[in-house]
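Quick look at what TrEMBL lists:
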BINDING   Gly165, Arg166, Ser167  NADP(+) binding site
DOMAIN    6-120  domain 'Tetrahydrofolate dehydrogenase/cyclohydrolase catalytic'
DOMAIN    139-280  domain 'Tetrahydrofolate dehydrogenase/cyclohydrolase NAD(P)-binding'
Amino acid sequence: MTAQLIDGVALSRQIRTELAQRAAALTSRGHTPGLAVILVGDNPASQVYVRNKVKACHDTGLHSVLEQYPASMSEAELLARVRALNEDASIHGILVQLPLPAHIDAHKVIETISPLKDVDGFHVASAGALMVGQEGFKPCTPYGCMQMLKAIGCDPRGKHAVVIGRSNIVGKPMAMLLLQANATVTVCHSATPDLAQHTRQADIVVAAVGKRNVLTADMVKPGAVVIDVGMNRNDEGKLCGDVDFDGVREVASWITPVPGGVGPMTITMLLVNTVEAAERVAAAA
Ligand SMILES: Nc1nc2c(c(=O)[nH]1)N[C@@H](CN(C=O)c1ccc(C(=O)N[C@@H](CCC(=O)O)C(=O)O)cc1)CN2
């Protein structure tokens, strides 16, 4: 069996087309969705990601503001900018690109973003809302993975899902979303003794570790759906995920490529969250 590809670029295009209509409807009512993107420092990958976010906003009819600061910016200065954006009525979503320089406490910065504008879904209020099933913003990467499962008609109900990785921004929220969708969820991590023993039983595997070849063909149940969240470079400097793509695609039924899989969906779900934030404001006006 050769797996079918879950095309994150095509799915993003489809979602963004529908989203553009929602954005236009908001604009016609005087509530153009607005996203503020803050980048501190000159991390080249982060520069690409924020540029892509701003372009995606432009292409979808959202207003965006990109604030770029030198790595020498102090934590106090950054917190002051976030507080100002919390008060800015033209901004519905605030995003601080991670990673931040080492002298800035990322947790403190995220907790300063108003939960009403936390379109990254990283605030503890958003994490808590996800945990108890209340309304809040879902973190964009796991939210995008769920959309990909939906797009291929994979209903997690009654399925065994294995999430590899337990980060606050991907692994843990991914597990919560799968649990909410009625999957039986196992979370594996660096201290899991026999990873393959778990992954071989999984109908859905989400690899989110940040390490190449964490998942190889011998670790996958035939017909499983495999979602690769990893973003690594191979020995030739080529972008690759956490999954041994060439091997696993011969065993799985569906698989996400890297690039062109989860990455574009992360940006798309950021737009979705921003439009949703603006819709909430418009509904309350
Ligand atoms: N504030 C945030 N910081 C970070 C997040 C986040 O969601 N919010 N996630 C990652 C980086 N990221 C978004 O910011 C991101 C990473 C990768 C992609 C993407 O589209 N990747 C492409 C390949 C791009 C390339 O060629 O380098 C793909 O997979 O096809 C989008 C967003 C960490 N920081």
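The backbone N, Cα and C atoms fix where each Cβ goes, glycine too.
Unlike curated records, TrEMBL annotations are generated automatically.
Every protein chain shown contributes to the tally, and the Cβ of Ser167 (NADP(+) binding site) ends up with 16 other Cβ atoms within 10 Å.
Figure note: comparing Cβ neighbours within 10 Å for the binding-site residues Gly165, Arg166, the maximum is reached by Gly165. Excluding the listed site residues Gly165, Arg166, Ser167, the same chain places Val163, Ile164, Asn168, Val170, Gly171, Lys172, Val187, His189, Ala208, Val209 with Cβ atoms within 8 Å of the centre of the NADP(+) site Cβ atoms.
Secondary structure of the domain 'Tetrahydrofolate dehydrogenase/cyclohydrolase NAD(P)-binding' (139-280), assigned with DSSP and counted as helix (H, G, I), strand (E, B) and coil, comes to 53 helix, 26 strand, 63 coil. Sorting the domain 'Tetrahydrofolate dehydrogenase/cyclohydrolase catalytic' (6-120) by DSSP state (H, G, I as helix; E, B as strand; all else coil) yields 60 helix, 18 strand, 37 coil. Taken as a whole, the domain 'Tetrahydrofolate dehydrogenase/cyclohydrolase catalytic' (6-120) shows an average pLDDT of 98 in this prediction.
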